[in-house]
Amino acid sequence: MPAPHRLYPRSLICLAQALLAWALLAWAPAQASQELTLVGKAAVPDVEVALDGDDWRWLARKRVLTLGVYAPDIPPFDVTYGERYEGLTADYMAIIAHNLGMQAKVLRYPTREQALSALESGQIDLIGTVNGTDGRQQSLRLSVPYAADHPVIVMPIGARHVPASNLAGQRLAVDINYLPKETLARAYPQATLHYFPSSEQALAAVAYGQADVFIGDALTTSHLVSQSYFNDVRVVAPAHIATGGESFGVRADNTRLLRVVNAVLEAIPPSEHRSLIYRWGLGSSISLDFAHPAYSAREQQWMADHPVVKVAVLNLFAPFTLFRTDEQFGGISAAVLQLLQLRTGLDFEIIGVDTVEELIAKLRSGEADMAGALFVNSARESFLSFSRPYVRNGMVIVTRQDPDAPVDADHLDGRTVALVRNSAAIPLLQRRYPQAKVVTADNPSEAMLMVANGQADAVVQTQISASYYVNRYFAGKLRIASALDLPPAEIALATTRGQTELMSILNKALYSISNDELASIISRWRGSDGDPRTWYAYRNEIYLLIGLGLLSALLFLSWIVYLRRQIRQRKRAERALNDQLEFMRVLIDGTPNPIYVRDKEGRMLLCNDAYLDTFGVTADAVLGKTIPEANVVGDPALAREMHEFLLTRVAAEREPRFEDRDVTLHGRTRHVYQWTIPYGDSLGELKGIIGGWIDITERAELLRKLHDAKESADAANRAKTTFLATMSHEIRTPMNAIIGMLELALLRPTDQEPDRQSIQVAYDSARSLLELIGDILDIAKIEAGKFDLAPVRTALRVLPEGAIRVFDGLARQKGIELVLKTDIVGVDDVLIDPLRMKQVLSNLVGNAIKFTTEGQVVLAVTARPDGDAAHVQFSVSDTGCGISEADQRQLFKPFSQVGGSAEAGPAPGTGLGLSISRRLVELMGGTLVMRSAPGVGTTVSVDLRLTMVEKSVQAAPPAAATAATPSKPQVSLRVLVVDDHKPNLMLLRQQLDYLGQRVIAADSGEAALALWREHAFDVVITDCNMPGISGYELARRIRAAEAAPGYGRTRCILFGFTASAQMDEAQRCRAAGMDDCLFKPIGVDALRQRLNEAVARAALPTPPSPQAAAPATDDATPTAFSAESILALTQNDEALIRQLLEEVIRTNRADVDQLQKLHQQADWPKVSDMAHRLAGGARVVDAKAMIDTVLALEKKAQGQAGPSPEIDGLVRTLAAQSAALETQLRAWLEQRPHQDQP
């Protein structure tokens, strides 16, 4: 008992191993398979399947029928598209599954062997597309065939005739999965077998000359030939190998499945089999029925004695017989002969002739056994025998496409009709249309050409032939006019009367060809693209050949002369070539800079001595090598980088490269200018690269030093600018007190005239010193590139008039006549910076008066429109002492002066005016030119091109009234003044007192903040730079307090007050929360103007002063608008004034409300548009402050992408200005007298 106990585990292990091995064998093919979707015929027929009850019950239990297929496809049996499986086998599988009530499943395996293994292991139920020659058929049982399998022999078109019985010495191409090697070796022992993975590859090998003969089944061959190789190969004969047909294969032990499959296949009617064959286009490509007709013993003996039959055909009888340009015989008759070859086993040797007479002569002489295509003619039946006709076709009339050409047979009377000589239609046509004149031609092509050339009016030909020629060679020239009422022409084979056996064989074979096959052949050749050799088609080539022959003869004669000259010139050319080569060698080697030539792979072809000297190598070390191979740079990584640069960036892009590079060679870094140029041959193909470099290390070092020097000079210039600005601040602070006190002393009435004169002198001197500081700052700004112009709409006439008014008194004091000449045509308003233009004109006029002792100074202005712009010239001429050319060259340099006349002595001034003036004009895009000569005088011309602006529809501003004292503001404000400089604090307080303001002063930021918290102020004016709390900090604290919740006072106006002339000072003030910035020194009039502008913008609810509260008159001008503009615009029409102003008030109020809504929505483009609209209303009443605000808002909103505090402030300011404008307009209207409308 112990022994079985010990053996039990070992037996169990063995059993487990066996089961595992079986499972792995079963699993392996399943893993290699791919499940496909079966796509069968759309309409699957129902057939009567005779099965017993057991079979139906077995099928009901099985439910799924699995078909195995394998790669590669065998079209048309197996065709795979992605995961779809279709084809002839798929159609039959669909019929089987449908009629058995089964679900069909398809598994595809990579090879045939794997599919057969899957069948043996039970993974699949059956396999398709197998025949009786399969080498493994002992393990298979085959169903009844569902498709015929006739092996056929295929050869290239035009191949020499080889007996199909043995194929001796031929290379035989076969699909490895089609026929076993033993079967082919027995059938063709003298042939060399070549196996290919698929039938398509085997057939391609024959088509492209890699093999001589292909053997495959007729269905697959027909499909492949018709799809891809119709013009390359042809079926020449059947291969006498029995295959048994294409069947389904099942395991040998699965007899029940075999029985039910056979039951379905046998129940399929023949019509359905034909339908499936035709569904895959296999009914007409080649004959699929190779069953030979029943030949008699004498006929079989005749075929054995005459294996080759000579067939005479017309060279050009398209589309029945023709020879292509590749010398291959084709046409309808050729296809019919191919079918006959398959059914008889005879080989046909084609003999081409040009005419029917030659063809008949060949038959009578015995040189030909039969005619391939001939019209059946009763006259010829006396010596010829005709076969059954294989083409019957009606006769048609072909004419030119002319209006007078015959349109039908009734119009042939009196016309010339061309026919082929000895045509059967000639006697019929002459009997039917005796008035027609008949001319003959050798062949149909010549007859067509006679009509096309006008030698005949019409040609009578079969419809097939006529259509072929007209569509192919005479399109647009000839046309088929109509059918001819003659019996249809019949095309048949013909032999001499004694060839009875041959004619019987031909007739039996023809009768075995179905009408469908014949119709398919005719249909194919109706639209064939065969290229027959016709005189018409090739006459140009023939003419060309004749011309080439004559040209060749001429060239031959010329060649003799050429050779004699060539011999004489050769030595001269050799000497010239040697000279050129020597010149190129000297040119390249004599160049001091390295030059090299490389091929497209980067190998060195040529280099000069400078290249070799740079790296210290010989030519042998670099020629024929790439940069990494030669490694002359000493660094392998750098060598690879340079090699990649040449190949990828120059050779690949094919663009010249010029660049500076830093290269380290043998431990030394050199800066080189490198150039590389790709070059090619005459065809544009890249051949290599020409390159070189120039060592620019020293030049690069000089440039670096130059850059450092420039940076040092720029730093010194910036230090100078900062010094000048700082200096101006230090000078302006005490100057502010001096000028302000002097101005107040001059304004206050006094009886002490001598004191006033002294004060006037001191005031003028201080103003001159201030102008000096301004000039210094202007030149510093210009040199720093931070000088900005502010062009605005300006009336061009105002600019020279203002300069004349300023200098008129000075000119009268010196006894000089100051003249203004204007020649302004078509120009009104222009865009210009009026302040800077006045500065230029003032400098030029002032200099002219300064250096003129007698005579006159003329300011001339000329302006003409030039498109959208205006060409403007200002010219200042004097009769002074004049300036030499040497002095003129110095005048426009900063701080340069030249002496005046000998009597006048040295010229006063700083020497900055002319320099600044020229630079200002250049910034405006113009030129300033001086012309002068000693003793003659000087003329300075300024030429500008200015943008013109449409003239504003408003009245001109009234002339400024000349007053002894400036007017005071119309409101009394509570003002807090802050400055740590006592004189400036006292001055500003007295200026504000003079203007009628209520002033409280503080000498520090801390004191000012305390006073602001205790009292309500309308305006705060603070110095910017103070110890402790600066003006900027004071502004920030005030604005923070105003923004705090619960702040009940009105927001105050905050001015910065500074002597700094830095260009960004105003921005710094606004950034700190100030409304604006005042610059020291400031006069009383300027201070009044700034206060009035601030009051207008802020619309302070301060009660008016006694002066402002007085009843207004028509001459009074309100702060927010111009009454003069309104009166001029309305011609003082009271009704129109009220109507206009009411509309302005209403429109402005609605536009401001809409603007605020758009501002809340952050719709910046529409905000900009609304601001532009508000500007129009403001211009009507000349509301200058409001115009400035809306223009700034319009510009700022353009292109804005997000929130902007600056836009927020502009919108608030604009709303306040609009409210103030409305209040003042209504108050002005109330003061005006009411008039009844007429």
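Note: Cβ is positioned from N, Cα and C throughout, glycine not excepted.
Taking DSSP states H, G and I as helix and E and B as strand, the domain 'PAC' (652-708) has 12 helix, 32 strand, 13 coil. Here Swiss-Prot flags 652-708 as domain 'PAC', drawing on sequence analysis.
Under the heading domain 'Histidine kinase', Swiss-Prot lists 726-948.
Helix, strand and coil counts from DSSP across the domain 'Response regulatory' (974-1095) read 55 helix, 25 strand, 42 coil. Per Swiss-Prot, the feature domain 'Response regulatory' maps to 974-1095; the stated evidence is sequence analysis.
Among the features that Swiss-Prot reports, domain 'HPt' is placed at 1133-1228, with the record citing sequence analysis.
The phosphohistidine annotation in Swiss-Prot covers His729 (among others).
For Asp1023 (4-aspartylphosphate), the Cβ neighbour count at a 10 Å cut-off comes to 26, with all displayed protein chains included. The 4-aspartylphosphate annotation in Swiss-Prot covers Asp1023, and the record cites a curator's inference as its basis.
Note: His1172 (phosphohistidine) has non-local neighbours Val1190, Glu1194, i.e. same-chain residues 6+ apart with C-beta under 8 A of its own C-beta. Per Swiss-Prot, phosphohistidine is recorded for His1172 (among others).
Marked as signal peptide by Swiss-Prot on the basis of sequence analysis: 1-32.
The topological domain 'Cytoplasmic' annotation in Swiss-Prot covers 33-307 (among others) and is backed by sequence analysis.
Marked as topological domain 'Periplasmic' by Swiss-Prot on the basis of sequence analysis: 332-541. Confidence in the topological domain 'Periplasmic' (332-541), given as mean pLDDT, stands at 84.
The topological domain 'Cytoplasmic' annotation in Swiss-Prot covers 564-1238 (among others), and the record cites sequence analysis as its basis.
Residues annotated as transmembrane segment in Swiss-Prot: 308-331 (among others).
Annotation comment: Swiss-Prot describes 542-563 (among others) as transmembrane segment.
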* When the domain 'HPt' (1133-1228) is classified with DSSP, how many of its residues are helical, how many are strand and how many are coil? -> 82 helix, 0 strand, 14 coil
